[in-house]
Amino acid sequence: MNYSLHLAFVCLSLFTERMCIQGSQFNVEVGRSDKLSLPGFENLTAGYNKFLRPNFGGEPVQIALTLDIASISSISESNMDYTATIYLRQRWMDQRLVFEGNKSFTLDARLVEFLWVPDTYIVESKKSFLHEVTVGNRLIRLFSNGTVLYALRITTTVACNMDLSKYPMDTQTCKLQLESWGYDGNDVEFTWLRGNDSVRGLEHLRLAQYTIERYFTLVTRSQQETGNYTRLVLQFELRRNVLYFILETYVPSTFLVVLSWVSFWISLDSVPARTCIGVTTVLSMTTLMIGSRTSLPNTNCFIKAIDVYLGICFSFVFGALLEYAVAHYSSLQQMAAKDRGTTKEVEEVSITNIINSSISSFKRKISFASIEISSDNVDYSDLTMKTSDKFKFVFREKMGRIVDYFTIQNPSNVDHYSKLLFPLIFMLANVFYWAYYMYF
């Protein structure tokens, strides 16, 4: 029994030793393979100073950039900015990282902390962040000739100065500008790798309210107190899709104007109906005007195209309400004039009788005076009183004629002319409005 256990133990020991020998040989072969295909990072960075740029003290580092625009998630008129997610790729030469062997190899993103990288920042950026899911979205790749590729995935909110005077028929020009934070033109020079072809993705974007008309790249210089810096500029034009606003604002406001014209076909005597239509359309237009401004900046420097149109519509709606007030007032004046005509005839008869009686009284007094002529016995008070009443009547008649000159003789004509003039003037206003804002 002891002999059998001893034999089994010896066999197990021999098997274990054999496996260890094979494993060590495999590790040696793998290690040799790694050394042949990839340079040792520790050997490559031996004596490497990440705080000094390549060619330190010599020619500036040439950094070539490319951009992929993944998305433009929002464009805010109220904040005057846009938010975009971009893939930023930078390439430069670092002679300290030249190696022999394979064409290139990719390092773990955490090793970027041991290398020199440009201090590129986004000009006019309000806030930016680097994506960290599931790890930091960074890539570092080394090429055998010393070229370094450094890629980042960034979401940034960038300021964009907008001219909203033609809103919503406007075209906005926004920029994405890249520049070195600390290295001026003597240390770092930025360039686009392939000109306009250095930017990709914009032509495939689909935005809610905009269409990207065109874009182009520029290389400019930024003169600041700390030096002269190279700045890369991506400039793109955004044309707003006006169809959305036509359906949301222009069509409802136009329908409200047309609805206000319905009152022209309603009788002047239907006071509640016409008043209700006028007040309702005015309040609806006011609500529409307030709602159109909720998503826009509350500044006094912009009189937008949509404000002009809503102002025109409000003027026509309010004008229709005033038209009924004028027509109804004229109707009341006409009825009052008829009553005054009847009263006038009665007053004329009364004045004639008064004058005749005054003349008769005067004649009688003259006959009495023929018996005994005495100026003290003649009484002119009755005649003077009746004559002043006549002057008052003549004055009222003159004033009445002046008022009648400015009074509408036939109130029904007000509605008749309004049926033609309101639609005609509104159509002419639309022609001038759309021609100006679409083509000028």
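Quick reminder: no glycine exception, Cβ is built from N, Cα and C everywhere.
Taken from Swiss-Prot as is:
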DISULFID  CYS160-CYS174  disulfide bond
CARBOHYD  ASN43  N-linked glycosylation site
CARBOHYD  ASN102  N-linked glycosylation site
CARBOHYD  ASN145  N-linked glycosylation site
CARBOHYD  ASN196  N-linked glycosylation site
CARBOHYD  ASN228  N-linked glycosylation site
SIGNAL    1-23  signal peptide
TOPO_DOM  24-241  topological domain 'Extracellular'
TOPO_DOM  263-270  topological domain 'Cytoplasmic'
TOPO_DOM  291-301  topological domain 'Extracellular'
TOPO_DOM  323-419  topological domain 'Cytoplasmic'
Report task. Round to the nearest Å and give the CA-to-CA distance linking ASN196 (N-linked glycosylation site) with CYS174 (disulfide bond). Result -> 16
Query raised in the report: If you count other Cβ atoms within 10 Å of each one's Cβ, which of the disulfide-bonded residues CYS160, CYS174 has the most?
Result: CYS174
Report task. Would you report the average pLDDT that the model assigns to the topological domain 'Cytoplasmic' (263-270)? Result -> 89
**Report entry** Folded-back contacts onto the topological domain 'Cytoplasmic' (263-270), same chain, C-beta under 8 angstroms, at least six residues removed
**Finding:** 277-278, 320, 323-324, 327-328, 331, 411-412, 415, 418-419, 422
Report task. Would you count the other CB atoms within 10 A of the CB of ASN228 (N-linked glycosylation site), including those on all shown protein chains? Result -> 11
Query - Cα-to-Cα gap, ASN102 (N-linked glycosylation site) vs ASN43 (N-linked glycosylation site), nearest whole Å - result: 16
Query raised in the report: Relative to the Cβ position of ASN102 (N-linked glycosylation site), how many further Cβ atoms are located within 10 Å?
Result: 13
Report summary line: argmin Cα dist to CYS174 (disulfide bond) over the glycosylation sites ASN43, ASN145, ASN228 returns ASN228
Requested in this report: Sequence order is fine: just name those recorded positions in ASN43, ASN145, CYS160 with a Cα within 10 angstroms of ASN228 (N-linked glycosylation site).
Outcome: none
Query raised in the report: Using Cα coordinates, what distance in whole Å links CYS160 (disulfide bond) and ASN145 (N-linked glycosylation site)?
Result: 40
Query raised in the report: Name the residues of the same chain, 6+ apart in sequence, whose Cβ is under 8 Å from the Cβ of ASN145 (N-linked glycosylation site)?
Result: MET93, VAL98
Query raised in the report: Looking only at ASN43, ASN196, which of these glycosylation sites has the biggest number of Cβ atoms within 10 Å around its Cβ?
Result: ASN196
